[in-house]
Amino acid sequence: MRVQLARRLLDRQIVDVDGLLVGRVDDIAFAVDDEGFPYVDCLLTGQGALGARIGGRTGRLLVAVADRFTDDPPMPPLRVPLSQVARVDSAVRLRCRAADLPPSPVEAWLRRHLIERIPGSGRASG
Amino acid sequence: MRKLFAATLGVLSAVGGFVDIGDLVAASQAGALFGMAHTWVLLIGVVGICAYAEMAGRIAAVSGRAVFDLVRERLGPRVALLNLVATWLVTVVTLAAELGGVALALQLATRLSHLFWVPLAALAVWLVLWRLRFELMERIFGLAGLSLLVFAVALVALPTDWPELGQGVWQVSTAGHGWPLYWFVAVALFASTVSPYEVFFFSSGGVEERWSAADLARARSNVLIGFPVGGFLALSLIAVATVAYHPSEASLSTLDEVARPVATALGGAGLAAAVLAFFAVTFGAALETGLSAAYAAAQYFGWQWGKRVRPREAARFHSVLLVGLLLGVVMLMTTVDPVRLTEYMLVLSAVVLPLTYLPILVVANDRGYLGDRVNGRWMNLLGAVFLLLIVAASVAAIPLAIMTGMGR
């Protein structure tokens, strides 16, 4: 059953209710209920979670690059509660908007320090 | 009538978009050294890229996902990361070569050193990506690239011996240069015809333009008509180089020499058209490679990407795009000769070709994404045969490059 879960969820694209891309399922967090049964609690997304999953030198490099572009490292992964997942097809589709989730620290850092300083960053070119 | 017009426009931009700096260099060098003896390589390349572009377009239209969006789900994060790093690096080297081509075209037009033009060309590419609408961008440079037809016109004006030219297609010989060089040029020409970024861009572009199953027929006809006509333009490059340089055994090493026969045949107007064509096809390809590199990274990590959202909402995508462009400028500022850089780029492209094409074939057979729109038996046969050729070219590229001293 666990293998099935990994195949269905891991590495899938997470898409919000408007079709905006939130991230990928980089890892899965489990929790244990009162009776001692483990269950899937959250989907984790973010370079930190991906780096930890890949492991080794490559994984550490991914984490280090992400932390460099964050205001207060280490950067925690974005946790998406399973209750926010509407359905899973070729992507994991959420019932909430990306704006309702905490923003990705790297995205926010790059937006503030680089992209937003360029004129026209608020207008899509289509 | 309007529909017909839009359809024609789509086909024409595919034609112009097919040719890039790799074709300009590889096709002209093939013609100068070996005459028409590489025509078959071009033909096979065109058939292959049509088949794979059709698959990539079908995947984009049916599943709404770009091909490389699906690579990580199929291959896992480690292998896909390796694929990403290799693809990204080769695409950025290609971007540098295209920028070099833009700068060389401007040097031809103004007589100012190409190094002066490199930063300006990069800035212009970035501005177009930052502001211009996707479809408009494709059309402007695709259509301007059609001025490459001047090479076909020049062929008529030059003292072309048509029967001899036709015979050269069938008589595959080494013209005294030896087989290693023949095959090295063949691999380079093949890589320039099936450049990885083309399918990459095509499938991501389909998602950007929000293709659905209903748009599939149009997308398919754009490619199936546009790419073969683009192949014809590349063939006319080979033919002009054959007529102008092949008998005298001169080898080609600058864009100036590629354009010279056109100037001889058609005078100043011909030269102007050739320079405009060089500018348009390399600029268009710089846009495509710049976007492709950023698409690859964003799709691996699952970041928001594309030109349809405001840049501030795709900050990581636009940052990676900027990094790629800057790296391209830095590479050119080492004063490496852009034509030489193109030759290296073609060898590298040949090596990584399987990384691009294998996943397409795998995903095009996945019912989870495509339902009953998966490949038919004949498509799979064609795809598999072509994949064998790609693997052969990939394995042979480095040994041939070493044996021939990069074709010198």
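First residue shown is number 1, and so on along the chain.
Glycine is treated like the rest: Cβ placed from N, Cα and C.
According to TrEMBL, the feature transmembrane segment maps to B:37-60, B:81-106, B:112-129, B:141-160, B:180-202, B:223-245, B:265-287, B:314-333, B:345-366, B:378-402.
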Tell me, please, if the transmembrane segment (B:81-106) and the transmembrane segment (B:345-366) are in contact, taking contact as 3+ Cβ pairs under 8 Å between residues separated by 6 or more positions?
yes
Stretch winning on C-beta pairs under 8 A with the transmembrane segment (B:345-366) (pool: B:112-129, B:141-160, B:314-333, B:378-402) is B:378-402
Do the transmembrane segment (B:37-60) and the transmembrane segment (B:265-287) come close, with at least three CB pairs under 8 A (pairs 6 or more apart in sequence)? no
With pairs 6 or more apart in sequence, are the transmembrane segment (B:265-287) and the transmembrane segment (B:180-202) linked by at least 3 Cβ pairs under 8 Å? no
Between the transmembrane segment (B:141-160) and the stretches B:112-129, B:223-245, B:314-333, the largest tally of CB pairs under 8 Å belongs to B:223-245
